[in-house]
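Only one structure is covered here, and it is reproduced in the block below.
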There are 2 protein chains.
Amino acid sequence: MSSNNGYHVAIVGATGAVGEHLIRTLEERDFPIRRLTFMASKRSSGKKMQFKGEEIPIVEAKGELFKNVDIAFFSAGGSVSKALAPEAVKHGTVVIDNTSAFRMEPNVPLVVPEVNEEDLKNHNGIIANPNCSTIQMVVSLEPIRKKYGLKRVLVSTYQAVSGAGNRAVDELYMQSKEIMEGKKPEANILPVKNDPKHYPIAFNAIPQIDVFQDNGFTFEEMKMINETRKIMHMPDLKVGATCVRIPVVRGHSESVYFEVEKPNVTPNQIRSVLAEAPGVILQDRPSEQIYPLPLDSVNRREVFVGRIRKDLDDEYGFHMWVVSDNLLKGAAWNSIQIAESLQKLNLI
Amino acid sequence: MSSNNGYHVAIVGATGAVGEHLIRTLEERDFPIRRLTFMASKRSSGKKMQFKGEEIPIVEAKGELFKNVDIAFFSAGGSVSKALAPEAVKHGTVVIDNTSAFRMEPNVPLVVPEVNEEDLKNHNGIIANPNCSTIQMVVSLEPIRKKYGLKRVLVSTYQAVSGAGNRAVDELYMQSKEIMEGKKPEANILPVKNDPKHYPIAFNAIPQIDVFQDNGFTFEEMKMINETRKIMHMPDLKVGATCVRIPVVRGHSESVYFEVEKPNVTPNQIRSVLAEAPGVILQDRPSEQIYPLPLDSVNRREVFVGRIRKDLDDEYGFHMWVVSDNLLKGAAWNSIQIAESLQKLNLI
């Protein structure tokens, strides 16, 4: 389709936390839209959502609706993507999928535009948007890798509740009230909706995000490991991850330890690289107590990096603190950036 | 003094978060007490606090009051300890100091009874209680070191607000309410009372605990590094730390990566060692979603360990998740354990 008249864009999962931010971000950007279709589950069909002041009806997501759709953003869970994305592709739609359904498939590019925009050239209809915690980490690591090489990454995450959806956020607020009133908090959603046990997240920290794998890591941790390797084209990069949910609404934080390949690199050299890096804002002035905070990252599209310091024992080792809005760079904004890159590279 | 009639015990900083828990823990234990003196700042003098149903008046802390005091627990800030602990020692009092004032002095034992109880034999009147986040980590690492050796530790902490005192907890609750009511949260205490800038902790994560050092690490991070080396008698152990405050009231959590010296160690071997270790409760059954949670650690004296798994790249590397009540094992309980060890070893 020509971009002259704009594209027919569909959003699948329009009513979810990420869906809402896809709509808001499309309103703020100049991406050319000829027509917009909002899809969701049967439950939401018939409702309406606003786009630039216009009311758009929500329709139940179905394969045949993708006829004439140029680009579809999927964010309605892995099973919906698995069922409908291949059907959309048959109709000629380019799918930008925010779930983990296709991320590790060899013929599906997994793209963070600041890192591997060129991978879009090999797409076969589906492009995967990486996991939120992976995206912000690779945005901060790639410029360092380019200049100084990268041998190893160990990350511990401090992840926001909105990553588990709007209902999880409601539950965080409800539990916070219950605990402050001396009541026993009720838990029905976190850590994993369909796992048997649920724990309160208010005034707590839960070291489980997504289901456990046989190796003792969670699926979220394995996403960070495998997706980082795929996006950075480093299949043998050493990556270890511990993923933890904390009572923050929006903004994932990460304590990242990494080792570079070149000797004698200084923290100031790392700072210089990050100060110039696309999509990164350096916030690193300890003497003025300047460092990234998740509360400050809300509604920002950038990745914030600070607390950069050299490890005291390993001469190739560094520590840093990386924060970004998980609903924007971690999801909606990265997806729309992919669409903008596709347009720029004449791939749609 | 003979323990037959019990000891004259003083608590300096009786009204603080740790002071309260020193009193509660002494009530629960059988430590023989003949007389009890509660000291605090001038502001609290004249007030009374309960001990086993008896009202005890609070007196203003002064050097001459330590005459005839056998054991004094100090938890009223570093400046009070620096001023009064040496005076207490002159009167023959054994001081168990919960501040960082004397921890790194070569002639002051820094003691976690499960790890280095024998160091008490070298005391010269002052015994230092380590930093809360250090204590729980060394309790979990020492049994592993004994059996399999230890080459390296990298820790990221998830620290509770009560570590900064009762007023910080009040502020967390107030800010939580303000944010849920759509108001701008007011911040006056965290991250560091006397630093110029303050940030809200409610629904946030602050990567600063204590003041910054010239090397880019905070003093809290340097405490974890230096105290771990001193307690474990491993002056060259490689330790890296990132310390972060999160909106949890009580219970510090830690994501700990460590490397052992022996080859071919399995996660089950680490689990076996920890299941038998003093002061440790193993909570590690991923298939049943059993892992330590800070909410569950409140009012417990033990250190809880779970999420044990082998690093996927380093054959000597492991990850684990360590949680403990920062006011008990991290402070009050460890101090009283030191007193019990002194009695057991006939050192008072």
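Cβ atoms here come from the backbone N, Cα and C positions, even for glycine.
What you are looking at is a predicted structure, and each value in this text was computed from that prediction instead of being measured.
Per TrEMBL, the features are:
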DOMAIN    B:8-123  domain 'Semialdehyde dehydrogenase NAD-binding'
BINDING   B:T15, B:G16, B:A17, B:V18, B:R43, B:S44, B:S162, B:G163, B:N326  NADP(+) binding site
BINDING   B:R103  phosphate binding site
ACT_SITE  B:C132  active site, acyl-thioester intermediate
BINDING   B:Q159, B:R245  substrate binding site
ACT_SITE  B:H252  active site, proton acceptor
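The most densely surrounded of the binding-site residues B:T15, B:Q159, B:S162, B:N326 is B:N326 (count of other Cβ atoms within 10 A of its Cβ).
When the C-alpha distances from B:C132 (active site, acyl-thioester intermediate) to the binding-site residues B:T15, B:Q159, B:R245, B:N326 are tabulated, the minimum falls on B:N326.
Among the residues B:T15, B:G16, B:A17, B:V18, B:R43, B:S44, B:S162, B:G163, B:N326 said to bind NADP(+), no two Cα atoms are farther apart than 26 Å. According to DSSP, B:T15 (NADP(+) binding site) is assigned to coil rather than to any helix or strand. Within its own chain, B:R103 (phosphate binding site) has B:L110, B:A128, B:P130, B:N131, B:K223, B:E227, B:K230 as residues 6 or more apart in sequence whose C-beta sits under 8 angstroms from its own. Listed in sequence order, B:Q159, B:V161, B:G163, B:A164, B:L190, B:P191, B:I201, B:A205, B:I206, B:Q208, B:I209 are the same-chain residues at least 6 apart in sequence whose CB falls under 8 Å from the CB of B:R245 (substrate binding site). With all protein chains in the displayed structure included, the most crowded Cβ environment within 10 Å among the recorded positions B:R43, B:H252 is that of B:H252. For B:A17 (NADP(+) binding site), the same-chain residues lying six or more positions away in sequence with a CB closer than 8 A to its CB are B:S162, B:G165, B:N166, B:V169, B:L327. Here the residue listed as 'active site, proton acceptor' is positioned 30 angstrom away from B:R43 (NADP(+) binding site), judged by their C-alpha atoms.
Note: the Cα of B:T15 (NADP(+) binding site) and the Cα of B:H252 (active site, proton acceptor) are spaced 22 Å from each other.
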